[in-house]
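Asker: Before I ask anything, let me first share the structure, which is written out below as structure tokens.
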Amino acid sequence: MKNNWWKYLTIVLLVYTVVAGFLVEAPRLNILNESIRNLFFHVPMWFGMVIILTGSVVQSVRYLNTNDMDKDISADSYAKVGIWYGILGLITGAVWATYTWGKMGGWLADPKITSVFITLLIYFAYLLLRSSLHDEQKRARVSAVYNIFAYPLMISLLFVLPRLAENSLHPGNGGNPGFNTYDLDSRLRMVFYPAVLGWTLLGFWIATLHFRIRKIEHKLEEK
């Protein structure tokens, strides 16, 4: 029971996020209007993706140091959940862009979105690499090295290149003001920060469940 405290915290935070996210008074902002509520769902997906993929690369490094297959399985679990968070971030972003930017074409052409697509392709390649190698030890070693190289590419694609672009519509990129100086007031912060923590913890929870399933499958394969 004591070890599950963070799971109860996750449930409380997500219930609070959903309820307060739709009931909190949204600031009256041009263009954004009520769509600002998507801040509690869209942005945490990106935070969750980056943090969970960080967990994946940490597990890959730990595997190379210990040769413990559990670390390899954990890295794979984190990577898969991180990819799903990236996909959910794209979906929620597409909905938001439709109501704020007015067209999907502009959203798809945004440098930030292009960087996200490339990042997801890099991690899809990670999954394909794992599925193409049948030797367990070789798969673990090669995919761990790939994961370590993929991580700095992700950081560059998501946080460096979009800021250098001049035509990005995303806040904080292309010369646009970030949420901190534009519209993230105290009312939104009261929901936004718990939302980031809640969605991120949910990702780790899902990854933990996937890890346990894969570990059971691994033991059955050894018999």
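Glycine is treated like the rest: Cβ placed from N, Cα and C.
Please treat TrEMBL annotations as automatic predictions, because they have not gone through curation.
Annotations per TrEMBL:
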{"type": "TRANSMEM", "residues": "5-24", "note": "transmembrane segment"}
{"type": "DOMAIN", "residues": "14-155", "note": "domain 'Cytochrome c assembly protein'"}
{"type": "TRANSMEM", "residues": "39-61", "note": "transmembrane segment"}
{"type": "TRANSMEM", "residues": "82-101", "note": "transmembrane segment"}
{"type": "TRANSMEM", "residues": "113-133", "note": "transmembrane segment"}
{"type": "TRANSMEM", "residues": "145-165", "note": "transmembrane segment"}
{"type": "TRANSMEM", "residues": "191-213", "note": "transmembrane segment"}
Asker: Can the transmembrane segment (5-24) be said to touch the transmembrane segment (191-213) if we require at least 3 CB pairs below 8 Å and skip pairs under 6 apart in sequence?
Answerer: yes
Asker: Can you tell me which of 82-101, 145-165, 191-213 gets the most C-beta pairs within less than 8 Å of the transmembrane segment (113-133)?
Answerer: 145-165
Asker: Tell me, roughly as an integer, the mean pLDDT over the domain 'Cytochrome c assembly protein' (14-155).
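Answerer: 88, rounded to a whole number.
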Asker: Under an 8 Å Cβ to Cβ limit, what residues of the same chain, 6 or more beyond the ends of the transmembrane segment (82-101), are close to it?
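Answerer: Here the qualifying positions are 31-32, 35, 38, 41-42, 45-46, 48-50, 52-53, 56, 107, 113, 116-117, 119-120, 123-124, 127, 169, 199, 203.
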